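Okay, structure first, notes after.
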Amino acid sequence: YCAMAMITALLITSLLIFSVPFPGNALSLNYYDETCPGAEAIITKTVKEAMTSDKTAPAALLRMHFHDCFIRGCDASILLSSVGKNTAEKDGPPNVSLHAFYVIHDAKKQVEALCPGVVSCADILALAARDSVALSGGPTWDVPKGRKDGRISKASETVQMPAPTFNLSQLQQSFSQRGLSMDDLVALSGGHTLGFAHCSSFRNRIHFFNTTHDIDPSLHPSFAASLKSICPIKNKVKNAGTTMDPSSTTFDNTYYKLILQQKSLFSSDQALLTSPKTKDLVSKFASSQEAFSKAFVKSMIKMSSITGGQEVRKDCNVVN
């Protein structure tokens, strides 16, 4: 009985994290079973098609979902266009390099044709992020559904996004404000196994690092040299940068191996070695793809369950 009571108490506590700020927004695995059973297949097909012409689409969609959830919850506020005097989230500094919005809009158009006004843009984005991971060789999972779309999107709020220059305590604070733990932080950082980084995200580590060092001493010297050649001080190349890891279109645990080799791109990646707990997790995920996949799925479900919207948008760009 004691064990049962404890489990019940734990379940109630974990539910409270998400249900207190957003009452009445419980998610469920079979949310569209009756109202739009074909939705998931359409979304998967759309992501798959996008990948054939754009290998960077999965990384973009995963990042888009993350950036959406961190501001006002997973409410597709990242998809809204700037209108009049209001600059929307997508035009805020951390989001100007986001792309592949067309994938969500294509999926939405097809889903609307099948079941009008039923499936939220927020759910489409959460499912597309899952498909991006699965179709890149990573794990798959059942996505809880029933998110609503938000009506507010402000570029000014994107300052709340965790930055690539953050140290561990800044990262921890950013994640804990959203009900996410240190375990979630290390697991979700593994999303950096996919994609590309612009020079601006890691420039701080290779030029004028501090008063004593030009280069961050925690960077492997040969790796630092190669980054400096890609991103010189007076960089003239538009969109210069490098892939997040050598297998940047495959969802694997290379990211963690690179951190241990001092070859991670961001200060926020290297920061995961600065506490015994996070360092242990990095080592665990570096040595076991399976352990990483399991932890990533758990943390993705947790993060994507931070809800916050009010409606089901007809068009993902604009409020109803």
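Note that Cβ sites are derived from N, Cα and C of the backbone, with glycine treated the same way.
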Message = For Cys36, what is the disulfide-bonded cysteine listed in TrEMBL, choosing from Cys74, Cys115, Cys121, Cys199?
response = Cys115
Request  = Would you please pick out, from the disulfide-bonded residues Cys121, Cys199, the one with the fewest other Cβ atoms within 10 Å of its Cβ?
outcome  = Cys199
Message = Please identify, among the recorded positions Cys36, His67, Cys69, Cys74, the one with the smallest Cα-Cα distance to Cys231 (disulfide bond).
response = His67
Query = Same-chain residues six or more away whose CB lies under 8 A from the CB of His67 (active site, proton acceptor)?
reply = Ile78, Glu89, Pro94, Asn95, Leu98, Thr158, Met161
Task = Return the member of Cys36, Cys69, Cys74, Pro162, Cys199 nearest to Cys316 (disulfide bond) in space, with distance defined Cα to Cα and candidates limited to these recorded positions.
result = Cys74
Close in space, distant in sequence - Cys74 (disulfide bond), Cβ under 8 Å, 6 or more apart = His65, Asp68, Ala122, Leu125, Ala126, Arg147, Met303, Ser304, Ser305, Ile306, Thr307, Gly308
Request  = Round to a whole number and give the Cα-to-Cα distance in Å for the pair Cys36 (disulfide bond) and Pro162 (substrate binding site).
outcome  = 35
Ask   = Between the disulfide-bonded residues Cys69, Cys115, Cys316, where is the Cβ count within 10 Å the lowest?
value = Cys115
